[in-house]
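K.L.:
Pulled these features from Swiss-Prot for this protein:
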ACT_SITE  64  active site, proton donor
BINDING   12, 34, 62-71, 119, 172-182, 194-195  substrate binding site
């Protein structure tokens, strides 16, 4: 997956008007949007289709799929059929659950991103001890796309070492959570930014400043 300007917008708002206002200001510089539960639960999964049709962007559904294999397969199928280009899945559920997601996505000519470790402090207790194992499982299963934290550069570096230089990593946590876009992109292919853009008084300017900071 190619990502324009190496920035993915995490559109974690709940109102359609606000979402469209932000997209109106930012899609000149962005071509990839991450949509999660806040907007999907508020407006229904058809919002994926609407945004896809209105703005012609790539959409990553951040649903952190984490169930048994049969249920995962249904979640992935339904989500991708609404128009998402990819879906994020948890790795801690194990090989069978992850493989169900991968196989369904491939059947629909779409992609999955395997979540190795999360960006918030609480992830250190349970996910951190197994994140490299999750990454290695992904490699063994032939997965090419991963999620790894921008807030923990040392962990991001280690995950990159496991998955290899040809894998595609996207990293949440840039901005409000403390991650730095330029530092993140030493090891990641794209930085995910949410509140620093959608909560800004001028989202377009905020995005421009982030893009400029990468180039410096």
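Heads up, the Cβ atoms here are built off N, Cα and C, so glycines get one too.
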K.L.:
I want to verify one value. Collapsing DSSP to three states, which class is residue 12 (substrate binding site)?
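P.N.:
Looking at the DSSP assignment, residue 12 (substrate binding site) belongs to neither helix nor strand, so coil.
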K.L.:
Round to a whole number and give the Cα-to-Cα distance in Å for the pair residue 119 (substrate binding site) and residue 64 (active site, proton donor).
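P.N.:
Just about 13 Å between their Cα atoms.
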K.L.:
May I ask you to report the DSSP-based helix, strand or coil state of the residue listed as 'active site, proton donor'?
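P.N.:
Assignment for the residue listed as 'active site, proton donor' reads strand.
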K.L.:
So, in DSSP terms, is residue 179 (substrate binding site) helix, strand, or coil?
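P.N.:
SS state of residue 179 (substrate binding site) = strand.
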K.L.:
Within the chain of residue 175 (substrate binding site), which residues six or more apart in sequence place their C-beta under 8 angstroms from its C-beta?
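P.N.:
Counting only residues 6 or more apart in sequence, the Cβ neighbours of residue 175 (substrate binding site) under 8 Å are 193, 194, 195, 196, 197, 210.
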K.L.:
Can you tell me how many other Cβ atoms are located within 10 Å of the Cβ belonging to residue 179 (substrate binding site)?
P.N.:
24
K.L.:
Between residue 179 (substrate binding site) and residue 64 (active site, proton donor), find the distance joining the two CA atoms and give it rounded to the nearest Å.
P.N.:
21
K.L.:
Whole-number answer please: how many Å between the C-alpha atoms of residue 64 (active site, proton donor) and residue 12 (substrate binding site)?
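P.N.:
About 14 Å separate the Cα atoms of these two residues.
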K.L.:
In sequence order, what residues of the same chain, 6+ apart, have a Cβ less than 8 Å from the Cβ of residue 12 (substrate binding site)?
P.N.:
36, 38, 39, 194, 195, 198
K.L.:
Let me know the DSSP-derived helix, strand or coil state of residue 194 (substrate binding site), please.
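P.N.:
SS state of residue 194 (substrate binding site) = coil.
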